[in-house]
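Record features, source Swiss-Prot:
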| type | residues | note |
| --- | --- | --- |
| BINDING | His123, Tyr127 | heme binding site |
| TOPO_DOM | 1-9 | topological domain 'Cytoplasmic' |
| TOPO_DOM | 31-147 | topological domain 'Periplasmic' |
| TRANSMEM | 10-30 | transmembrane segment |
Amino acid sequence: MKNLKKQRRIQVIALATVALVLSTALIGYAMRDGINFFRAPTQILAEPPAPTEVFRIGGLVEEGSIVRGQGETIRFSVTDGNGVVPVTYTGVLPDLFEENQGMVGTGSYINGVFEASEILAKHDETYMPAEVVDMLKEQGVYKGTEG
């Protein structure tokens, strides 16, 4: 009787371990496309990512760089005060998108141009990663809501 209880306990523990490993693997597999790493323009220029890598870029929209193309295609540049990366985006831009304002874009860096699939724009640091906000404030370039 004791051996039967011990064997049953071992089976339950083994089954629970297998279920835990399997669920962890499934969660990791499901999240692989949802994880986007953030980079500043200076980092992108120093070490260009592979064209297949999807990541986020953040900084300020460079003054005088917005060029509207045919249809919904927009070209502009993003800067962190040290580096400047050209960006193309096809779609409708957020209402708060304008020159000298913060933005974060999701996309890929292909042939020296960041091709954005999504653009977020905000007048304060809500969508801006802390590293970029600090870098821009250090250089006196950032114009946030704190005055």
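Note: Cβ is positioned from N, Cα and C throughout, glycine not excepted.
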Long-range Cβ neighbours of the topological domain 'Cytoplasmic' (1-9) (under 8 Å; 6 or more residues past either end):
none
In the topological domain 'Cytoplasmic' (1-9), how many residues does DSSP call helix, how many strand, and how many coil?
8 helix, 0 strand, 1 coil
